[in-house]
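Student: Take a look at the following structure, please.
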């Protein structure tokens with residue numbers, strides 16, 4: 001018999017039903033479960049797949065550059081970044097006739113195009129790219145890197161170049177490479193680019209390979225570096241009247257601590273950012289050399305962890321046993337990496353709008369909204385993934401003997417206390433927040449809005465004031481105009497920072513009131529409940545009072561038969577599955593809040609948010625319904641407009657989302673009956689019955705159907721909101 005899919009599992013390959021296909025796809029990346037897998041092959045497969053991942057990323061970014069250079073309007077956009085709409089790429093085959101062609105011909109293009117809401121134009125402009133030729137060069141370079149990555153992946157699967165397991169488990173060398181090599185050297189290289197290319201470009205000087213060695217980035221060259229007069233590099237910064245991209249009002253400083261924003265571009269000063277990256281580079285270059293590699297000096301991670309036994313015995317044996325536990329578990333390492341990456345992605349979302357790094361991006365409102373929403377959703381998926389792999393670690397890799405009485409074992413020992421506290425926090429937040437919202441709803445419905453319960457977030461306002469926001473009148477710390485810190489801030493450190501906080505043209509320290517207080521607690525409810533489900537799933541993954549032998553059933557099991565009542569829905573996978581719904585729900589509230597507050601800010605009617613956000617009907621009517629009018633009117637008897645594509649995506653997103661429930665609400669028996677009826681009809685229908693299949697069609701397993709349902713729910717949810725967000729924002733602000 002010829003080898004059938006899946007080749008990595010002979011047991012599955014011999015399955016006579018369609019289960020072979022679905023289980024094959026589901027376990028394709030679960031290398032640990034494949035036939036003949038060894039620890040060495042497992043590590044090598046994962047290592048090689050990283051090169052493939054890099055190749056795809058480089059190819060994708062190359063494509064962005066290539067299409068903008070070929071079909072975009074980068075050179076035109078540079079002339080007037082605030083009024084020309086940046087083009088992502090052309091639309092090859094516009095359907096729906098002449099009105100569609102006219103609706104999508106914009107941004108100075110000759111034919112129908114898509115507008116870019118990704119911020120790449122602003123990014124490329126900020127880092128010193130100026131012509132289509134620059135973009136083509138970048139695209140070719142990334143294509144070369146992509147090919148190099150593919151070759152690297154292939155090479156490291158060849159017998160001569162396969163790394164050994166000991167190489168993968170050398171923690172100190174990996175820290176050396178990642179901290180110094182990846183973070184340190186790349187930050188230093190980026191500082192170099194900013195100083196040698198981007199800052200001159202922002203001052204109207206075009207530095208490329210042909211004049212790179214002739215143009216001094218600073219009039220004094222390297223002199224101040226070697227004589228220790230580093231402050232010279234900060235003297236004569238760009239003035240507040242500087243026109244970005246020209247020499248008008250420009251200075252000569254390359255590394256500054258100005259603080260605040262460039263008045264024209266409303267983005268952070270390039271010289272501040274160069275300084276920041278230089279500091280990061282030095283920090284990481286030092287950090288990467290603190291661990292013991294080939295030279296017998298520096299810290300040993302294992303020794304550090306073994307020594308970490310807190311005094312007083314309150315944490316038992318402290319970190320003993322953790323080194324081997326983490327170093328031998330890929331799932332633990334992946335969980336830690338995903339948790340870190342999830343947090344950093346959410347931080348990117350928060351900082352990209354509040355401290356914009358790219359010239360003119362703060363005035364491109366649709367891009368701001370799209371980037372915030374994009375990064376928050378990505379962060380949600382990555383964070384839930386961290387807990388999923390944490391749970392798999394407990395099931396597959398955790399060794400109780402190795403971790404006796406250390407911090408990890410003690411987490412498991414008092415899991416009831418952890419879970420019940422999280423549960424209490426979630427219940428408290430949920431009932432109180434909903435109670436306030438519903439009370440306010442009823443008061444408005446009865447025509448007595450003055451009877452609403454409105455709570456000023458005084459603690460948060462006090463914290464904002466302490467950081468320098470004066471409008472609340474707290475007169476404390478940095479908002480106290482006669483304090484020493486305030487005066488030092490005017491001269492010694494970041495003189496532009498306090499000005500930026502108290503300007504109303506940016507998103508720093510937005511003024512908050514009772515509506516913010518309520519939605520903040522609604523979001524806190526979502527975060528705590530999501531965390532509760534994920535933490536409970538991981539801590540109960542090995543077993544619970546109800547099902548002490550749970551770990552023997554693996555990560556995802558539907559139930560343990562009818563004999564043990566109540567074992568359905570308690571696998572670690574079920575916890576992850578439920579948590580993703582809560583995660584999407586929570587990020588929904590986060591993005592609704594961010595978007596509505598900013599729409600009213602940009603339109604200059606902040607009072608709409610302040611007055612309507614204190615009761616649920618206000619959110620439904622004045623945010624969702626009011627802003628979806630553009631979508632519902634994307635096409636009408638008078639033809640099409642440029643929002644039509646978002647209107648269809650809005651409908652299509654709802655369709656995909658609703659399809660999810662088909663899989664979430666009806667399970668195997670229903671589908672099995674339906675499949676058998678359809679197969680019966682197929683076999684008795686002339687012509688159709690010429691098509692045969694070898695695999696007997698069977699319904700998806702309960703767990704698989706849930707996955708398919710969850711995937712449709714998630715994708716539909718995000719498609720729907722993306723269309724709503726982009727259409728409602730671009731419809732208002734162009």
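The backbone N, Cα and C atoms fix where each Cβ goes, glycine too.
What Swiss-Prot shows for this protein is this:
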type     : residues : note
BINDING  : 559, 568 : [4Fe-4S] cluster binding site
BINDING  : 654      : chlorophyll a B1 binding site
BINDING  : 662, 670 : chlorophyll a B3 binding site
BINDING  : 671      : phylloquinone binding site
TRANSMEM : 46-69    : transmembrane segment
TRANSMEM : 135-158  : transmembrane segment
TRANSMEM : 175-199  : transmembrane segment
TRANSMEM : 273-291  : transmembrane segment
TRANSMEM : 330-353  : transmembrane segment
TRANSMEM : 369-395  : transmembrane segment
TRANSMEM : 417-439  : transmembrane segment
TRANSMEM : 517-535  : transmembrane segment
TRANSMEM : 575-596  : transmembrane segment
TRANSMEM : 643-665  : transmembrane segment
TRANSMEM : 707-727  : transmembrane segment
Student: Taking 10 A as the limit, how many CB atoms besides its own sit near the CB of residue 670 (chlorophyll a B3 binding site)?
Tutor: 12
Student: Quick check: do the transmembrane segment (707-727) and the transmembrane segment (575-596) share at least 3 Cβ pairs under 8 Å, counting only pairs 6+ apart in sequence?
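Tutor: Yes, since the transmembrane segment (707-727) and the transmembrane segment (575-596) share at least 3 Cβ pairs closer than 8 Å, they count as touching.
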Student: What residue among the binding-site residues 559, 568 has the most other CB atoms lying within 10 A of its CB?
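Tutor: Max Cβ neighbours within 10 Å, all protein chains included: 559.
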Student: DSSP secondary structure for residue 568 ([4Fe-4S] cluster binding site), reduced to helix/strand/coil, please.
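Tutor: In three-state terms, residue 568 ([4Fe-4S] cluster binding site) counts as coil.
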Student: Which secondary structure state does DSSP assign to residue 559 ([4Fe-4S] cluster binding site), in the simple three-class scheme?
Tutor: coil
Student: Taking the Cβ of residue 654 (chlorophyll a B1 binding site) as the centre, count every other Cβ atom within 10 Å, in any protein chain shown.
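Tutor: There are 15 such Cβ atoms around residue 654 (chlorophyll a B1 binding site).
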Student: Cα-Cα, whole number of Å: residue 662 (chlorophyll a B3 binding site) versus residue 671 (phylloquinone binding site)?
Tutor: 10
Student: Quick check on the binding-site residues: of 662, 671, whose CB has the lowest count of neighbouring CB atoms inside 10 Å?
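Tutor: Comparing Cβ neighbours within 10 Å for the binding-site residues 662, 671, 662 has the fewest.
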Student: State the non-local partners of the transmembrane segment (135-158) in its own chain: residues 6+ outside its ends, Cβ under 8 Å from one of its Cβ atoms.
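Tutor: Contacts of the transmembrane segment (135-158) (Cβ under 8 Å, skipping residues fewer than 6 from its ends): 44, 47-52, 54-56, 58-59, 61-63, 65-66, 68-69, 74, 124, 129.
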Student: Given residue 671 (phylloquinone binding site) and residue 559 ([4Fe-4S] cluster binding site), what distance in Å do their CA atoms have, once rounded to a whole number?
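Tutor: On Cα coordinates alone, these residues lie 19 Å apart.
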